[in-house]
Amino acid sequence: MLIVADENIPLLDAFFQGFGEIRRYPGRSLDAASVKDADILLVRSVTKVDRQLLEGSRVRFVGTCTIGTDHLDLDYFAEAGIHWSSAPGCNARGVVDYVLGSLLTLAELDGVALPERVYGVVGAGEVGGRLVRVLHGLGWKVLVCDPLRQAAEGGDYVSLETILQQCDVISLHTPLQRGGQHPTWHLLGQAQLAQLRPGAWLVNASRGPVVDNVALRELLLDREDVHAVLDVWEGEPQVDLQLADLCTLATPHIAGYSLDGRQRGTARIYQALCRFLGVNEQVRLAELLPKPPLAQIELDASTDLSWALATLCRAVYDPRRDDADFRRSLSDDPQQQRAAFDQLRKQYPPRREIEGLAVRLHGEAPQLAQLVSALGGVLV
């Protein structure tokens, strides 16, 4: 059996060497010739997998180590009898850590208290739903917009217009849909961006085209009160340099790039392939994940809640480092820019998640205990 895989997928040998030969390629350069003789294709979001890539090949299973599937032509898969699997939720915790780290940075810049802001989460799937639970656990006011879940479940959801008009912070976590009843391509265009409240913060860690990048650039040129945090870009790996300069935080699509999340994504498609082939799983992710470098954090019962929040979040991740690395890589040469974008992702340093972080409290501190629990830490 021949497996063709994106070279940036972690733990390929550990999970898949038992199935046959593995050939690695840069994800953006995968073409029909590369996959012609493959039985299994393993990709990330940078590879468009459609009829043009697969027609005439032997591929019968496609696995993507991502939450999103907008790069997969699922209609063609159905027509051609190709089985597929994604990795829903694999990097959700990493994205939540990214958002929390970004909020801490913006709060320090603006001199505001995070508990006093109103938060709007657009898209309450694996990532957005987890973010909502964390924010609720912290006791912060959260409004949620998700028309698909609202139609299916009912519940306390609000419209996008309500989010824009009432929320100080808006975090986007929708898939990219160009058609259908609820398209998300340019979900925030010129008209929607114009409705942002004074001093609003906008975070996009979903897909670049969910926000009209040209309209956002024009807004930021006109409104210095608005902060934008972008991890995803229209046309990436090419980046609008002026927009990047106007963003308060700018990063190269690494919000979900925690070590745990990336390896979890590989494990998910391995499990799906085992089911497809009807074989038992022989490899367990828990046996492959290294121990976190930070074993435990200790807090005194008198610790200020804001200080504790910042300390716990930044103990595992601080987006300012990635922002600085990204800005140093920006170039007026388009080819150099694209290469630098992908290189930052390929060589991304190990980053762990806050979930499961051991925290010891010295003394009775119910509010601190609640904060630790909300963040996903473990009291020891």
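Every residue gets a Cβ built from N, Cα and C, even glycine.
For the substrate site, Swiss-Prot gives Thr66, Tyr257; the one candidate out of Ser34, Ser45, Ser102 that the record lists there too is Ser45. Swiss-Prot lists Asp146, Thr174, Ala205, Ser206, Arg207, Asp231 as NAD(+)-binding residues, and of the candidates Gly120, Gly256, Gly261, Gly265 the one it assigns to that same site is Gly256. The least crowded of the binding-site residues Thr66, Ser206, judged by other CB atoms within 10 A of its own CB, is Thr66. Other C-beta atoms found within 10 angstroms of the C-beta of Arg207 (NAD(+) binding site) number 25, with every protein chain shown included. In this view, Asp146 (NAD(+) binding site) is surrounded by 23 other Cβ atoms within 10 Å of its Cβ, with every protein chain counted. For the substrate site, the Cβ centre of Ser45, Thr66, Tyr257 serves as reference, and the other residues of the chain with Cβ at most 8 Å from it are Arg44, Cys65, Ile67, Gly68, Asn91, His253, Gly256, Gly265. Neighbour list (Tyr257 (substrate binding site), Cβ cut-off 8 Å, at least 6 residues apart, same chain): Asn91, Gly94, Arg345, Tyr348, Arg351.
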